[in-house]
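Accompanying notes for the structure given below.
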Amino acid sequence: MLGAALRRCAVAATTRAGPRGLLHSARTPGPAAAIQSVRCYSHGSQETDEEFDARWVTYFNKPDIDAWELRKGINTLVTYDMVPEPKIIDAALRACRRLNEFASTVRILEAVKDKAGPHKEIYPYVIQELRPTLNELGISTPEELGLDKV
């Protein structure tokens with residue numbers, strides 16, 4: 001995708017040059033000066049953290065979500081270079097419970113622990129925030145199941 005954008009920029013730059021070189025001399029600034037400041041690779045707006053969280057909570061709260069969409073969402077969420085907010089994890093756990101996907105709940109919690117990496121304070125914080133949901137839904141953590149000792 002980036003390669004295609006760079007090719008478009010290169011083609012656009014070569015079409016602005018005529019057979020005798022650039023259309024404008026170097027002494028007189030013209031449209032070429034404005035073109036140089038355009039970033040050909042950046043487009044679209046950045047998603048804020050709140051919009052990101054809302055998008056994923058909405059995704060997992062869909063009433064007609066099926067097991068495949070649930071796993072696809074979890075896999076996509078895990079690929080991001082961040083630990084999801086507890087409210088996203090809460091929505092995902094509730095979707096797992098609606099679909100009776102207990103294995104996915106354990107997988108989500110294991111992924112959160114893995115994504116926390118060397119930051120040992122993140123996973124306990126997430127579990128603390130999710131404890132009411134875990135108790136309500138009857139979900140055990142991997143540690144409670146003894147999976148951390150395997």
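Note that Cβ sites are derived from N, Cα and C of the backbone, with glycine treated the same way.
Database features (Swiss-Prot):
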TRANSIT   1-41  transit peptide
MOTIF     2-17  motif 'SIFI-degron'
MOD_RES   K87  N6-acetyllysine
MOD_RES   K113  N6-acetyllysine
MOD_RES   T141  phosphothreonine
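Across the fold, the C-alpha of the residue listed as 'phosphothreonine' and the C-alpha of K113 (N6-acetyllysine) stand 11 Å from each other. Spacing of K87 (N6-acetyllysine) relative to K113 (N6-acetyllysine) is 16 Å (Cα to Cα, whole number). K87 (N6-acetyllysine): 16 other CB atoms within 10 A of its CB, across all protein chains.
The Cβ of K113 (N6-acetyllysine) lies under 8 Å from the Cβ of Y123, P142, each of these being in the same chain and 6 or more residues away along the sequence.
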